[in-house]
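Quick look at what Swiss-Prot annotates:
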ACT_SITE  TYR53  active site, proton donor
BINDING   SER210, PRO211, LEU212, ALA213, GLY214, GLY215, LYS216, VAL217, PHE218, THR219, GLU220  NADP(+) binding site
Amino acid sequence: MQRIQLAEDLQFSRVIHGLWRLNEWNYSDAELLSLIEWCIDHGITTFDHADIYGGYTCEKLFGNALALSPGLRENIELVTKCGIVLESPERPAHRSHHYNTSKSHILASVEQSLMNLRTDYIDMLLIHRPDPLMDPEGVAEAFQALKCSGKVRYFGVSNFKDHQYRMLESYLPEKLVTNQIELSAYELENMLDGTLNLCQEKRIPPMAWSPLAGGKVFTENTDKDRRVRTALESVQGEIGAASLDEVMYAWLYTHPAGIMPIVGSGKRERISAAINALSYKLDQDQWFRIFTAVQGYDIP
């Protein structure tokens, strides 16, 4: 498994396991532990969480499984996010869906995540979404307090556009080390609007959520779906990939930004597709055939 350097003493596995839908997998603690161990055995050591996943339940489910084998903690990297507030039975005091990136909320969210995940520290904390009411000085104070206490090692953001990223980072004593963005061989917005360019400018490898675009290309039948599917099938035959999943992952891996896809499945065979795709590299012709199919028109 390739390793991606994010900071001097922090590496992530190229493939990241996402726990967004963990509560829907209906795994026992022992079954989830088995999946975590399988991931580690196959080189996947980075696990992506958020406080709100599963209506505030997924972190706790993961922590319960990890508690069965506490020694595994030193072999993995934990990512979590905060800043979104949801109405939920798990949070009866919440009255509406809104953002909260205040210093007090960030600190309280991290304390809860540490308890949920059964750990003393988080490797990476991300601000989940840009907050139009964000006080960047308060965020900086929260990050500094968490860093000094050893509760969070590094910080990043999620879904930030380039101007939002630059604004927040300008207040921080240390640079952000990733931006988790939607990116796939189906959704190109962040590749075309400067967001991915900023990651390259800053030398920060991005994390990519929804790298298979939620499966739309496999299940829907719009003009775009048919175009992209045809291009993927053409490249699949040329490189000998076992599935269209593998082609979509290989398309991301071919980009020089060091994109780390987040695989949000509890099925080993679906996770394996992201691993297997590391053995493929598309040439320019193959990569641009897919790119052009997604856009729906030829490049200039």
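Along the chain as shown, residues are numbered 1 onward.
Positions of Cβ are set from backbone N, Cα and C atoms, glycine also.
This view paints the features noted in Swiss-Prot onto the structure.
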residue : record                    : Cβ neighbours (10 Å)
TYR53   : active site, proton donor : 22
SER210  : NADP(+) binding site      : 19
LEU212  : NADP(+) binding site      : 23
GLY214  : NADP(+) binding site      : 15
LYS216  : NADP(+) binding site      : 18
PHE218  : NADP(+) binding site      : 16
GLU220  : NADP(+) binding site      : 13
Calculate the distance in Å between the alpha carbons (Cα) of LYS216 (NADP(+) binding site) and TYR53 (active site, proton donor), and round it to a whole number.
22
Determine, to the nearest whole angstrom, how far the Cα atom of GLY214 (NADP(+) binding site) is from the Cα atom of TYR53 (active site, proton donor).
16
Express the distance between the Cα positions of SER210 (NADP(+) binding site) and TYR53 (active site, proton donor) as a whole number of Å.
15
Quick check for the class: what is the C-alpha distance, in angstrom and rounded, between GLU220 (NADP(+) binding site) and the residue listed as 'active site, proton donor'?
26
